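Asks: Sharing a structure, written as structure tokens. Questions coming.
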Amino acid sequence: MLTSEAVVAASARLGPTSGPKQEEVCQPSGAVHESIIRAPLDYLLMLPGKNVRGKMITAFNEWLQLPAEKLEVIKRIVELLHTASLLLDDIQDSSKLRRGLPVAHSIFGISQTINSANYAYFLAQQELPKLGDRRAFEIFTEELLNLHRGQGMDLYWRDSLICPTEEEYLAMVSNKTGGLFRLAIKLMQMASETDKDYVPLVNLLGNIFQVRDDYLNLQSDAYSKNKGFGEDLTEGKFSFPIIHSIRANPANIQLSSILKQRTDDNDVKEFAIRYIESTGSFEYCRQRLAELAAEARELAKDMEGTATHAQGIERILGMLGIME
């Protein structure tokens, strides 16, 4: 349900309602050019999100101790890349809502939104020299390649109606979701004096984030309000609980057939969710989340073994919604 306050806030960020004069529309100044190009990007940036990546960067900085100016550069890079990926995801997934408001391409159009997302990638790249280390370009390129590899496989499985194995899915998640997490931590490690490697821990956290997100997509009322009810079913996505449910009884083609329909029918989606529940797939998600969180705690303990770092990993897991 869209509140009037949210709509007003969105409109205010994008400019006055009275609009420019006709000649200004035809011949915009440089500043207006920029606002036009950035409009889909700025629209999504102003919508309040969970800011998980920004909070995680802050949490890891308790260990890595970066100078404040470099920390802010890395946060800007990650925010731009994440927002760009959401703009494109919403187009590729035919999404209707993002953070409880209409998706950017439903307002600005698909072409302008794609251009704005691509523009954001280069705005992020433009920040790299501020870190003062040429390795930043290698890290940036490597993890953006990984992100697109992961997204490519996710789309391929969906569009070809091919159900991956759990192992294949988590490998894809490591590229797609883990890519931005790793990019942030690798840039932080590059700019830090520590010799600790936090990448294995971040890989685990990326898996935890995605498995929980897949679970909430089909189980959370708050998620439904922000993204739509059972959105992964409408998208036709092979998410973690859906993969488990299909593979629990391969002879039953009901769930895969529902995915093929890309249905908007809530009754059909409720039927699918009951079926997923009947195969123990939501319980399996909760079990795997507990196992992954235990692995993360153990890894953090092996790396540091101090009370401060134990508290740090608990704060990070808490941000991901995983409590001990």
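The backbone N, Cα and C atoms fix where each Cβ goes, and this holds for glycine too.
On a predicted model such as this, the values are computed, not experimentally measured, just so you know.
Taken from Swiss-Prot, the feature isopentenyl diphosphate binding site applies to LYS50, ARG53, HIS82, ARG99. Residues annotated as Mg(2+) 2 binding site in Swiss-Prot: ASP89, ASP93. The Mg(2+) 1 binding site annotation in Swiss-Prot covers ASP89, ASP93, and the record cites similarity to another entry as its basis. What Swiss-Prot lists as dimethylallyl diphosphate binding site is ARG98, LYS176, THR177, GLN210, ASN217, LYS227, LYS237. The annotation Mg(2+) 3 binding site is assigned in Swiss-Prot to ASP213 on the grounds of similarity to another entry.
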Asks: Suppose we draw a 10 Å sphere around the Cβ of ASN217 (dimethylallyl diphosphate binding site). How many other Cβ atoms does it contain, all chains included?
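Replies: Its Cβ has 23 other Cβ atoms within 10 Å.
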Asks: For LYS237 (dimethylallyl diphosphate binding site), name the DSSP secondary structure in the helix/strand/coil scheme.
Replies: coil
Asks: Which number gives the other C-beta atoms within 10 angstroms of the C-beta of ASP213 (Mg(2+) 3 binding site), all protein chains shown included?
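Replies: Around ASP213 (Mg(2+) 3 binding site), other Cβ atoms within 10 Å: 19.
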Asks: Can you give the largest Cα to Cα distance in Å, as a whole number, for the residues ARG98, LYS176, THR177, GLN210, ASN217, LYS227, LYS237 that bind dimethylallyl diphosphate in the record?
Replies: 19
Asks: Looking at the binding-site residues ARG53, ARG99, LYS176, LYS227, LYS237, which one has the fewest other Cβ atoms within 10 Å of its own Cβ?
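Replies: Comparing Cβ neighbours within 10 Å for the binding-site residues ARG53, ARG99, LYS176, LYS227, LYS237, ARG99 has the fewest.
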Asks: Considering only the binding-site residues LYS176, THR177, ASN217, which fall within 10 Å of ARG99 (isopentenyl diphosphate binding site) when distances are taken between Cα atoms?
Replies: none
Asks: Which residues, sitting 6 or more apart from ASP89 (Mg(2+) 2 binding site) on the same chain, put a CB under 8 Å from its CB?
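Replies: In sequence order, SER95, GLN151 meet the Cβ cut-off.
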Asks: Starting from the Cβ centroid of LYS50, ARG53, HIS82, ARG99, which together make up the recorded isopentenyl diphosphate site, report each further residue of the same chain whose Cβ lies within 8 Å of that point, ordered by sequence.
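Replies: What remains near the Cβ centre is GLY49, ASN51, VAL52, GLY54, LEU86.
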Asks: Between ASN217 (dimethylallyl diphosphate binding site) and LYS50 (isopentenyl diphosphate binding site), what is the CA-CA distance rounded to a whole number of Å?
Replies: 15
Asks: Give me the Cα-Cα distance between ASP213 (Mg(2+) 3 binding site) and LYS237 (dimethylallyl diphosphate binding site), rounded to a whole Å.
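Replies: That comes out at 13 Å between the alpha carbons.
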Asks: Here's one to test understanding: among the binding-site residues ARG98, LYS176, THR177, LYS237, whose C-alpha is closest in space to the C-alpha of ARG53 (isopentenyl diphosphate binding site)?
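Replies: Result: the closest of the binding-site residues to ARG53 (isopentenyl diphosphate binding site) is THR177.
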Asks: Between C-alpha atoms, which of these binding-site residues comes nearest to LYS50 (isopentenyl diphosphate binding site): ASP93, GLN210, LYS237?
Replies: GLN210
Asks: To the nearest whole angstrom, what is the C-alpha distance linking LYS176 (dimethylallyl diphosphate binding site) and ASP93 (Mg(2+) 2 binding site)?
Replies: 15
